[in-house]
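To start, the structure itself, in structure tokens.
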Amino acid sequence: MLRFFILFSLFLHSSVAAPKTPAAAAAVPAKKWLTLNGQEPAVVARGGFSGLFPESSISANDLAIGTSSPGFTMLCNLQMTKDGVGLCLSDIRLDNATTISSVFPKAQKTYKVNGQDLKGWFVIDYDADTIFNKVTLVQNIFSRPSIFDGQMSVSAVEDVLGTKPPKFWLSVQYDAFYMEHKLSPAEYLRSLRFRGINVISSPEIGFLKSIGMDAGRAKTKLIFEFKDPEAVEPTTNKKYSEIQQNLAAIKAFASGVLVPKDYIWPIDSAKYLKPATTFVADAHKAGLEVYASGFANDLRTSFNYSYDPSAEYLQFVDNGQFSVDGVITDFPPTASQSITCFSHQNGNLPKAGHALVITHNGASGDYPGCTDLAYQKAIDDGADIIDCSVQMSKDGIAFCHDAADLSASTTARTTFMSRATSVPEIQPTNGIFSFDLTWAEIQSVKPQIENPFTATGFQRNPANKNAGKFTTLADFLELGKAKAVTGVLINIQNAAYLASKKGLGVVDVVKSALTNSTLDKQSTQKVLIQSDDSSVLSSFEAVPPYTRVLSIDKEIGDAPKTSIEEIKKHADAVNLLRTSLITVSQSFATGKTNVVEEMHKANISVYVSVLRNEYIAIAFDYFSDPTIELATFIAGRGVDGVITEFPATATRYLRSPCSDLNKDQPYAILPADAGALLTVADKEAQLPAIPPNPPLDAKDVIDPPLPPVAKLASNGTEGGPPQTPPRSGTVAIAANLSLSLLAMMALGLLYTA
């Protein structure tokens with residue numbers, strides 16, 4: 001246990017945001033809030049940091065205190081043992097959150113609770129000594145880490161109060177049930193004299209009325225909790241929807257209400273937001289505060305939020321029309337940063353850091369990649385660099401698309417499946433390739449959002465699945481100039497194959513397009529030329545303003561001097577995989593490499609790719625929050641740019657004052673310390689050691705010279721020189737694809753279990 005506390009304190013000290021002194025807070029300009037009292041909305045941590053550790057465990061409570069904004073509130077769901085001891089657990093049944101069913105496998109019972117028969121292991125059947133000494137906690141949401149299961153004891157209410165959170169909220173869900181079994185939550189509270197309890201909530205009107213005078217003397221706020229609109233409130237036997245019609249009556253026994261978040265922003269069957277209800281306005285008019293519950297980073301919620309949990313909080317606290325007075329969350333640091341750092345953020349604020357926000361096929365998390373809509377949204381979202389991976393049609397038109405194979409990212413399968421072919425130089429599976437179709441044929445199909453997580457059931461913005469138009473390279477460059485973006489990135493793929501086998505000179509086409517756009521004759525906008533082929537980059541050496549970026553598409557663990565010297569001959573920057581900077585195993589960050597430092601010593605910039613918002617793509621160490629991942633790579637690893645499919649998330653972070661760790665402020669978004677979270681788990685639960693990534697071999701940087709563009713017959717199927725030798729960037733394609741498939745299968749098992 002001592003080891004646990006030492007390691008955990010180190011984890012807190014090194015990797016999470018600790019609130020600073022109130023004096024620093026005074027320097028921050030006051031924000032105008034649309035809450036009932038005009039104050040900042042409260043962050044209420046349900047069971048501490050229950051999104052990571054078992055609910056109300058000492059770890060969950062300590063981490064919530066260490067990562068939340070000053071003045072946050074700790075929420076404990078009160079349950080009572082048969083000898084009257086108060087515990088902090090969300091359910092009256094113990095089997096979903098503890099090991100009780102394995103300790104007493106034959107002790108399942110059935111009780112009637114609020115008119116319904118429930119089966120399980122009920123807390124009222126066990127005394128406190130049994131629960132504290134024989135039962136341990138488990139994570140009750142299966143997509144969350146199970147590595148801490150069975151290691152932490154159930155917390156008594158007094159244990160949580162002993163952590164001295166800034167504020168404490170006690171939720172009493174089952175007063176009527178406990179009273180039936182001769183246990184009184186009201187008497188339990190009186191025994192505590194309400195000390196340290198700032199807020200008490202309950203869905204039972206009778207209970208709130210019974211403690212009203214005591215709570216008033218203790219200056220404890222009472223909150224009435226609404227359940228499902230069709231559920232029945234035990235005291236009045238009225239549906240909650242009926243009680244909602246007379247909010248003014250609630251003011252007689254409570255100062256606020258707690259509602260599921262869809263009472264405020266309902267979501268339709270397609271998972272898009274419906275117009276906001278008038279609930280907050282009506283409650284505020286009645287003099288009631290409004291708290292919204294149900295927030296978590298690892299829930300699939302409205303597509304309007306683009307899998308960015310901060311966007312959801314902002315919808316409730318900074319929509320220009322109203323603000324809730326507080327949010328109940330399993331991930332308090334995300335709520336804290338959303339309210340403290342991102343609310344009332346002027347869209348024109350300058351970035352706090354030097355890192356570039358570079359798109360991956362535009363805003364391809366929201367629209368089909370490389371379409372006009374994806375690029376426009378990326379520009380609107382504040383991206384610095386928009387990107388175009390250049391593909392070629394059979395008749396020589398250069399256009400922007402993620403890959404030469406159109407199968408996954410267009411509707412080509414419905415029309416051109418008979419044109420599918422095998423091109424082992426590009427990929428190990430058959431595909432419908434752009435260079436086998438004319439531009440007119442390509443334009444006859446629709447773009448399609450490419451979803452890297454289809455196997456796990458995740459979707460991306462299905463309402464716009466096929467929206468937008470394909471973008472030619474010329475149109476892309478004109479868009480970049482017209483919108484005055486910081487720069488453009490041109491990614492050149494398969495140049496050797498296209499030249500030798502298809503008679504298409506993609507390098508020459510790109511050079512010509514840049515010349516025609518005059519981007520080769522100015523220094524106002526950046527031009528980045530990216531390729532996994534060093535010979536392609538060398539062909540642009542004669543244009544000094546261009547930044548040449550070598551894409552290294554395999555995991556590396558080190559960058560030896562010989563490899564770096566070879567990179568310097570061809571490139572000014574590298575594009576590296578996330579796992580080349582921070583190693584990950586089973587969704588835990590296990591360590592970090594020195595690759596960024598090694599590249600920077602040689603004056604080589606480092607861009608990291610690809611960042612996505614979906615929580616299944618984000619290590620637990622980042623709190624299932626894309627913002628923490630951004631902070632880890634930008635502030636923690638010092639990268640020079642992030643390549644992302646959701647540029648709005650990256651831009652919001654970089655424009656927030658909380659991203660500047662040199663400022664003295666009340667809250668900062670700090671990077672995670674890779675590997676620290678795993679040390680909290682017991683030794684027996686540790687992950688098996690994984691071998692380090694191999695170092696970058698200089699041979700993998702060197703490519704043969706580009707072959708000349710072959711003169712082929714007009715049908716594009718004859719002629720051409722012999723097969724070219726394999727390029728460095730394609731050496732590991734087959735292996736990487738196999739690993740990707742295995743990883744996808746593993747994710748599917750992990751997140752559908």
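Quick reminder: no glycine exception, Cβ is built from N, Cα and C everywhere.
Record features (Swiss-Prot):
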- 1-17: signal peptide (SIGNAL)
- 41-339: domain 'GP-PDE 1' (DOMAIN)
- Asn304: N-linked glycosylation site (CARBOHYD)
- 355-654: domain 'GP-PDE 2' (DOMAIN)
- Asn516: N-linked glycosylation site (CARBOHYD)
- Asn603: N-linked glycosylation site (CARBOHYD)
- 707-729: region 'Disordered' (REGION)
- Asn715: N-linked glycosylation site (CARBOHYD)
- 731-751: transmembrane segment (TRANSMEM)
Least Cβ-packed of the glycosylation sites Asn304, Asn516, Asn603 (other Cβ atoms within 10 Å) is Asn603
The rounded CA-CA distance in Å from Asn304 (N-linked glycosylation site) to Asn516 (N-linked glycosylation site) is 39
Under a three-state DSSP reduction, the secondary structure at Asn516 (N-linked glycosylation site) is helix
If you measure between the CA atoms of Asn603 (N-linked glycosylation site) and Asn516 (N-linked glycosylation site) and round to the nearest Å, you get 31
Looking only at the domain 'GP-PDE 1' (41-339), mean pLDDT returns 98
